[in-house]
Amino acid sequence: MADNNHSHFQHLYFVLTGIPGLELKYYWMAFPLGAIYVIALFGNGVIISTIKSEPSLHIPMYYFLCMLALADTGLALCTMPSMLGIFWFNYKSIAFDACLAQMYFIHTFSAIESGVLVAMAFDRVVAIWKPLRYGTILTSGVVCRTGAVILTRAICVVLPVPFLIKRLPFYRSNILSHSFCLHQDVMSLACASTRVNSLYGLIAVIFTKGSDSLSILLSYAFILRTVMAIASGEGRLKALNTCVSHICAVLIFYVPLIGVSVIHRFGKHLSPLTHALMANAYLLIPPVLNPIVYTMKTKEIRRKLIQIFFPAKGTAEG
C-alpha cells in the first residue's frame, strides 16, 4: 500500500554533493576551481583557433587534435554550471530533467573523446607505416567522415540512457554522490529494478571505451613492430617521438576513467571523499592537461600563446 502511494510521487530535483568533509573550505576552493575552468576553456580555445588560422597545421593530425579540443571544451562546459554553482554559490539543487540532460552530454562528450583518441592512434599508424602515402590515405574527406562517424556513434549510443532513467521511479533519497550527474550515480537512487539500465550501460561502455581502448592498444603494438623494423636508432626515436603527445592524451583520459570504474565496482568501502575526488579528476583532468601537453609539443601553438600574452615579442619572433 505504501509503495502504491509512493508510485504517484517523483522527485522534481536532485541534490548534488561537492567534496564531502570540506564544506567549510568551499569558499577557498572556488578560486582554484574557477582557474581550472579558465585554463581548460582558454587552452582548448587557443588550440582550435591556432589550427584554424595556421595553414601549416591543416593536416589530419591537427584536424583530429581540433576535434579533441572541441570534445574537451564540451566536457568542461557540461560540468562547469553545477560545479561552480556548488563551490561559488552553495547552490546544490538540479532539476530532474536538467540532470538527465547534463548526464547525457557528459557521457556523449566522453564517448566522442574516446573515439577521437582512436582516430589519432590510426593517424599515427599511417604516418609511421606509410609516411609517403599519408596525405593520400588520410584525405580531408576521410577525416570528415571519421569525425562524423565518431559523433554519430556517441550520440546514438548514449541517447537511450536518459530515457531508460526517465522511466524509473525516484521517491526515496535524491542526494547524488558527485557535483554533477553521472549514469551510475543517478541509477543507484532508483526505487525499482535497474537491470535493463545496468545491462545497457555495460553494452555501451564495451562498444565505446572498451573497443576504443583495445583499438588503441593494437595500434601501438603495430606501431612498435613497425618502428623496430627501422634500421637506425635515430629514426626509431624520431618515429616514437611523434607519438608522445598522443600517448600522454590516452593516459590522461583512460587512467582516471579506469580509476573511477574500479572504485565504483570494488571501492564501496572507501570514503565518499575518495569517490568525489576520482570523479572530479576523471572529468577535469583531460580538458586541463591535454592543451598543456600539445602546447609543449607544438611550436605554432606556443607562438600563438606568446602573441596573446606578449604581442610585441610574438610579432618580433614571427
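Positions of Cβ are set from backbone N, Cα and C atoms, glycine also.
Because the structure is a prediction, the values reported are computed rather than measured.
Among the features that TrEMBL reports, domain 'G-protein coupled receptors family 1 profile' is placed at 43-294. Taken as a whole, the domain 'G-protein coupled receptors family 1 profile' (43-294) shows an average pLDDT of 92 in this prediction.
Feature annotation from TrEMBL assigns transmembrane segment to 26-49 (among others).
Under 8 Å from some Cβ of the transmembrane segment (61-91) lie the Cβ atoms of residues 16, 18, 26, 29-30, 33-34, 37, 40-41, 44-45, 47-48, 51-52, 102, 105-106, 109-110, 112-113, 116-117, 119-120, 123, 127, 140, 143, 147, 150, 179-181, 249, 283-284, 286-287, 290-291, 294, all in the same chain and six or more residues away from its ends. TrEMBL lists 61-91 (among others) with the feature transmembrane segment.
Only residues 6 or more beyond the boundaries of the transmembrane segment (103-122), in the same chain, are considered here, and those with a CB under 8 A from a CB of the stretch are 61, 64-65, 67-68, 71-72, 74-75, 78-79, 146-147, 149-151, 153-155, 157-159, 161-162, 165, 180-183, 186, 208-209, 212-213, 215-216, 219-220, 246, 249-250, 253, 257, 283, 286. Annotation comment: TrEMBL describes 103-122 (among others) as transmembrane segment.
Packing against the transmembrane segment (142-165) from elsewhere in the chain are residues 60, 63-64, 67, 100-101, 103-104, 107-109, 111-112, 115-116, 119, 183, 186-187, 190, 196-197, 200-201, 204, 207-208: each is 6 or more residues past its ends and has a CB under 8 Å from a CB in it. According to TrEMBL, the feature transmembrane segment maps to 142-165 (among others).
According to TrEMBL, the feature transmembrane segment maps to 213-231 (among others). Beyond its flanks by at least six residues, the transmembrane segment (213-231) meets 114, 117-118, 121-122, 124-125, 128-129, 239-240, 243, 247, 250, 254 of its own chain at Cβ-Cβ distances under 8 Å.
Feature annotation from TrEMBL assigns transmembrane segment to 243-263 (among others). Cβ atoms under 8 Å from those of the transmembrane segment (243-263) belong to residues 68, 110, 113-114, 117, 120-121, 124, 128, 209, 213, 216, 220, 223, 270, 274-275, 278-279, 281-282, 285-286, 289-290, 293-294, 297-298 of the same chain, restricted to positions at least 6 beyond its ends.
TrEMBL lists 275-294 (among others) with the feature transmembrane segment. Residues 17-20, 36, 39-41, 43-44, 46-47, 65, 68-69, 72-73, 75-76, 78-79, 106, 110, 113, 177-180, 182, 245, 248-249, 252-253, 256-257, 259-260, 263-264, 267, 301 of the same chain, all 6+ positions outside the transmembrane segment (275-294), place their C-beta atoms under 8 angstroms from a C-beta of that stretch.
Tertiary proximity for the transmembrane segment (26-49) is limited to same-chain residues at least six positions away from its ends with a CB under 8 Å from its CB atoms, namely 18-19, 65-66, 69-70, 72-73, 76-77, 80, 83-84, 86-88, 90, 284, 287-288, 290-292, 294-295, 301, 304-305, 308.
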